[in-house]
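To start, the structure itself, in structure tokens.
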Amino acid sequence: MLYYFYSIFHINIFQYITVRAGIAFFFAFFLTLYLMPKFIRWAMKKSSYQPIYSLAPEHHKKKANTPTMGGVVFIFSALLASLLTVKIHNPYVLGGFLTILGFLAIGVIDDYGKITKRSNQSGLSAKQKFFLQILVAFVVSLFLYEYAHLNSNLYVPFYKYPLLDMKIFGILFWTLVIVATSNAVNLTDGLDGLATVPSIMALTTLAIITYITGNAVLSHYLLLPKIIGVGEVSIIAAAFAGSLIGFLWYNCHPAEVFMGDSGSLTLGAFIGYMAIISKSEVLLILIGFVFVMEALSVIIQVGSFKLRKKRVFLMAPIHHHFEQKNWNESKIIVRFWIIALISNLIALITLKIR
């Protein structure tokens, strides 16, 4: 909307992505700070509490009366801030909104089932959730290929030329990226603030890359692919970063509210979407290294138990492994934040080395 003020009234400052991203960031931050306490009070009245997994470490039982679905609040704040600041007609913006709303719907349905039936196993079944994730991700990927005409080249760090053109198979690859990232962030969201800060870092890194990719001068200088119009999505990322910092105020240890699947599934999907449109699918391994660690620990644990009847970790995802080793929860969280910070800095450094 602010961009159209520039078009109508010729207020030049609103044509700049960086200015609108800054406005979106602070608007979403303050709106989340304002709305979250109201949501927490409402959720407690409605007994919208987070069901605790029966096999979770013993000290998690004290989290049983913590409200969940806080993701709905910070996503609403981010979406409203985005609607006020982006070019709505931009195809990459539309694809981002489609991703956010689709995965938000899946998360809300799942969270609502868990809350109403007071069980962590009573939301969507794993098969139902996976099917819906694939469906939404496929529609988004098809939209990018057919409507946004996003090129299907695959790029890798340290190499300035595309490794290969996936052509129509890019749709399947992009679907995999979105679904995998969505589930990886969801697995990470097991301790207070554990998924929140790495998500802020990943969104910030991807906002920078997306802005560069959409800028003809900067993309040429850094030898990155030039994708006209994609920089507009960095405003949505800035809005999410702002709303997440506002959410962290209440989600830091000891958490007053959890984001729920409505938050984690949506965040992960949007992070995956940003990696796709900025041609950073492979670099996403570094950008979301904490998420990769968490997801791999589950894959290794399940695979090892099925093949060898032995567990590699005391418990998976890996943050629970460290809990079982009697690490303090705050220490685990901060150390994972440090890992996320270092991996994102390395990811940014790779942009210059080509």
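Positions of Cβ are set from backbone N, Cα and C atoms, glycine also.
According to Swiss-Prot, the transmembrane segment annotation covers 16-36, 66-86, 88-108, 130-150, 168-188, 193-213, 227-247, 257-277, 282-302, 331-351.
Long-range contacts of the transmembrane segment (66-86) within the same chain, counting only residues at least 6 positions beyond its ends with a Cβ under 8 Å from a Cβ of the stretch, are 1-3, 20-21, 23-25, 27-28, 31-32, 35-36, 39-40, 43-44, 48-50, 93, 97, 100, 104, 107-108, 111, 114-115, 232-233, 235-236, 239-240, 242-244, 246-247, 250-251, 255-264, 266-267. Distant neighbours of the transmembrane segment (257-277): 36, 39-40, 43, 50, 63, 66-72, 74-75, 92, 95-96, 99-100, 102-104, 106-108, 110-111, 123, 133, 136-137, 140-141, 144, 148, 150, 174, 177-186, 188-189, 195-196, 199, 202-203, 206-207, 210, 213, 227, 230, 233, 236-237, 240, 244, 247, 250-251, 283-284, 287-288, 291; these residues of the same chain sit at least 6 beyond its ends, with a Cβ under 8 Å from one of its Cβ atoms. Taking residue pairs at least 6 apart in sequence, the transmembrane segment (227-247) and the transmembrane segment (88-108) share three or more C-beta contacts under 8 angstroms. Most Cβ pairs under 8 Å to the transmembrane segment (331-351), among the stretches 130-150, 193-213, 227-247, 282-302, belong to 193-213. Between the transmembrane segment (282-302) and the transmembrane segment (168-188) there are at least 3 Cβ pairs closer than 8 Å, counting only pairs 6 or more residues apart in sequence, which means the two stretches are in contact.
Ranked by the number of CB pairs under 8 Å to the transmembrane segment (227-247), the listed stretches 16-36, 130-150, 168-188, 193-213 are led by 16-36.
Same-chain residues lying 6 or more positions outside the transmembrane segment (130-150) and placing a CB less than 8 Å from one of its CB atoms are 91-92, 94-95, 98-99, 102-103, 106, 124, 168, 170-172, 174-176, 178-179, 182-183, 227, 265, 269, 272-273, 276-277.
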